[in-house]
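This report refers to the structure that appears directly beneath it.
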Amino acid sequence: MTSKTAESAVLKPDICVIGGGSGGLTVAAAAASFGVSVVLIEKGKMGGDCLNYGCVPSKALIAAAKHAEAIREAPHFGVFAGEPEIDFARVNAHIHEVIGAIAPNDSVERFRALGVNVIQAEARFTDARTVVAGDQTIRARRFVLATGSKPRVPDISGLSDVDYLTNETLFSLTTRPEHLIVIGGGPIGVEMAQAHRRLGCAVTILEMGTLLSKEDPELARIVTRRLEADGIAVLENIEILRASKGGDGSVSIAYRIDGKETSVTASHLLVAVGRAAQVDNLGLKEAGITFDQRGIKVGSGLKTSNSRVFAIGDAVAGGLQFTHVANYHAGLVLQQILFRVPAKENRSVIPRVTFTDPELAQIGLTEEEARKAGHTITIQRWPYAQNDRAEAERRTGGEIKIVAGKRGVILGVGIVGHGAGEMINLYALALSKKMTLNDLRGFIAPYPTMSEIGKRAAISYYAPMTRKPFVRKLLAFLRRFG
Ligand SMILES: Cc1cc2nc3c(=O)[nH]c(=O)nc-3n(C[C@H](O)[C@H](O)[C@H](O)COP(=O)(O)OP(=O)(O)OC[C@H]3O[C@@H](n4cnc5c(N)ncnc54)[C@H](O)[C@@H]3O)c2cc1C
Ligand SMILES: NC(=O)c1ccc[n+]([C@@H]2O[C@H](COP(=O)([O-])OP(=O)(O)OC[C@H]3O[C@@H](n4cnc5c(N)ncnc54)[C@H](O)[C@@H]3O)[C@@H](O)[C@H]2O)c1
């Protein structure tokens with residue numbers, strides 16, 4: 001029970017969570033389910049970025065784009081429906097219906113019913129163990145900072161004078177952009193570029209390096225080629241010089257490519273150049289919590305420099321910024337707060353997926369990372385083009401790439417292709433259980449499924465054994481017994 005003394009009106013819960021996004025909600029719900037007193041403070045919309053401005057609206061938009069693309073691809077299957085007609089207002093309504101369908105799970109009402117004391121205000125530390133939010137003061141036994149991130153605004157001359165979109169405004173558009181420029185070719189940039197292209201917009205991506213540069217370059221290139229085949233202008237290794245406004249509401253971006261200055265003009269501009277942790281106005285200095293512009297500094301157990309305070313999710317400096325990571329972090333801090341059991345983040349078991357077509361999924365080490373770490377590795381691959389189901393579905397672009405160490409221990413898996421985001425789950429289990437290629441070859445995959453691709457890659461590791469003279473001699477010997 002939260003104790004509230006009449007004289008001071010100070011709330012004294014076991015746990016005070018700041019931020020009601022993926023990470024904060026998971027901590028609050030799980031702690032409350034154990035009967036632990038929790039105060040949860042959220043200054044904006046419950047559900048945070050993922051529900052309102054991130055994963056959910058972006059995947060809903062991608063789902064709409066998939067339908068448009070399926071109509072375009074239908075003639076290959078003998079089905080004719082003509083060029084799809086896109087009603088962007090209806091697409092937007094679909095996005096908000098999806099958010100609306102999920103929102104009750106994250107709502108103030110649901111959390112209050114779970115026994116969580118939800119405060120809708122901005123939270124701020126006033127000292128090492130006191131937070132104020134609205135007219136409430138909270139002195140908790142432990143605090144969890146789950147304040148997330150916001151779009152990073154790049155230092156581009158003239159940008160502040162033009163209207164530009166970020167993930168916080170993109171999903172409010174009810175009319176189709178004629179031409180969308182996307183600055184940044186990370187996961188947000190490429191997912192949104194392809195979805196808009198397939199919904200009938202002209203799209204230009206301006207990327208200072210190469211697209212999806214945190215991924216295995218060989219797999220990322222397959223996605224890039226597909227974006228280009230979709231008709232997206234992909235401009236890599238460019239330097240943006242300035243942004244300016246046209247009289248008709250258009251926006252121009254001047255950039256340098258191959259030493260030459262040029263520009264592109266479009267109706268809309270999306271800025272997607274990474275995230276900045278939400279650390280402002282939180283009173284972190286007053287609380288003795290170390291942070292910088294990358295976020296809140298934590299040890300491997302997610303404890304900050306103030307031993308009462310943990311930080312999780314996007315707010316963590318140098319952290320992986322995914323919803324499932326925020327949820328994973330929530331479990332790690334609860335283990336420490338509730339059960340006093342030490343816990344450490346293990347990044348080698350965290351998968352990630354970019355939901356383009358083809359999807360790009362990765363877990364563990366890429367080839368380059370494994371080599372840099374000094375592992376002796378073998379690479380097992382299998383192309384989608386040699387899978388019967390992929391052939392039937394005309395989804396033959398892509399491959400699986402398994403990086404294995406000594407004795408076939410799986411170090412990392414990358415999949416680019418149809419359904420990669422679902423297929424990576426098997427490898428998430430394999431890496432978390434420290435499985436080998438032998439384990440992956442030894443299960444029965446139903447035919448015809450695309451998951452057979454991974455099994456075939458694992459089997460290929462053992463293919464040289466079939467040609468070994470010793471094995472052949474053994475077979476010849478056994479044949480003698482009838
Ligand atoms: C366009 C886009 C698409 C994405 N797609 C995916 C995807 O497909 N899969 C995936 O895994 N991840 C995806 N992500 C990333 C994912 O959204 C984040 O990693 C996740 O939301 C992080 O959760 P969090 O709890 O750390 O922070 P958030 O969800 O950002 O929640 C933080 C909350 O804290 C609140 N807050 C901040 N400061 C205060 C304060 N002082 N007082 C009170 N409240 C405060 C904020 O209002 C916010 O609600 C996507 C992100 C974007 C932008
Ligand atoms: N499917 C998913 O799980 C998913 C989807 C979207 C976002 N996310 C999360 O959100 C995070 C943020 O995504 P993001 O795409 O904004 O960031 P990002 O940091 O991953 O990519 C940003 C890109 O912008 C480029 N860039 C930076 N400044 C630039 C400039 N001035 N001009 C041109 N290019 C510039 C960078 O080189 C980089 O390629 C991701 O890292 C990921 O953790 C996840």
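Placement of Cβ uses the backbone N, Cα and C atoms for every residue, glycine included.
Pulled from TrEMBL, these are the features on record:
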DOMAIN    14-329  domain 'FAD/NAD(P)-binding'
DISULFID  Cys50-Cys55  disulfide bond
BINDING   Lys59, Thr147, Gly148, Ser149, Asp314  FAD binding site
BINDING   Gly184, Gly185, Gly186, Pro187, Ile188, Gly189, Val190, Glu191, Glu207, Gly274  NAD(+) binding site
DOMAIN    350-457  domain 'Pyridine nucleotide-disulphide oxidoreductase dimerisation'
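Annotated features, which come from TrEMBL, shown on the structure.
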{"residue": "Cys50", "record": "disulfide bond", "DSSP class": "helix"}
{"residue": "Cys55", "record": "disulfide bond", "DSSP class": "helix"}
{"residue": "Thr147", "record": "FAD binding site", "DSSP class": "coil"}
{"residue": "Gly184", "record": "NAD(+) binding site", "DSSP class": "coil"}
{"residue": "Val190", "record": "NAD(+) binding site", "DSSP class": "helix"}
{"residue": "Glu207", "record": "NAD(+) binding site", "DSSP class": "coil"}
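Ligand 1 lies under 6 Å from the Cβ of Cys55, Asp314, out of the recorded positions Cys55, Gly184, Val190, Glu207, Asp314. Least packed by the Cβ count within 10 Å, out of the recorded positions Cys55, Ile188, Val190, is Cys55. Among the binding-site residues Lys59, Gly184, Gly186, Ile188, Glu207, the residues whose Cβ lies under 6 Å from any atom of ligand 2 are, in sequence order, Gly184, Gly186, Ile188, Glu207.
Cys50 (disulfide bond) sits 10 Å from Gly148 (FAD binding site), taking the Cα positions as reference.
The binding-site residues Thr147, Gly148 differ in how many other CB atoms lie within 10 Å of their CB, and the one with the most is Thr147. Within the same chain, residues at least 6 positions away in sequence whose Cβ sits under 8 Å from that of Asp314 (FAD binding site) are Gly21, Gly23, Asp49, Gly148, Ser149, Arg275, Ala277, Gln278, Gly295, Gln321, Ala326. For Gly186 (NAD(+) binding site), the same-chain residues lying six or more positions away in sequence with a CB closer than 8 A to its CB are Leu212, Ser213, Lys214, Ala272, Val273, Gly274. Neighbours of Glu207 (NAD(+) binding site), defined as other CB atoms within 10 A of its CB across all chains, total 23. For the domain 'Pyridine nucleotide-disulphide oxidoreductase dimerisation' (350-457), the predicted model reports an average pLDDT of 97. Other than the site residues Gly184, Gly185, Gly186, Pro187, Ile188, Gly189, Val190, Glu191, Glu207, Gly274, same-chain residues with C-beta atoms no more than 8 angstroms from the centre of those residues' C-beta atoms, the NAD(+) site, are Val182, Met192, Ala193, Ile205, Leu211, Leu212, Ala272, Val273. Residue counts for the domain 'Pyridine nucleotide-disulphide oxidoreductase dimerisation' (350-457) under DSSP, split into helix (H, G, I), strand (E, B) and coil, are 41 helix, 31 strand, 36 coil. DSSP assigns Asp314 (FAD binding site) to a helical segment in the three-state reduction.
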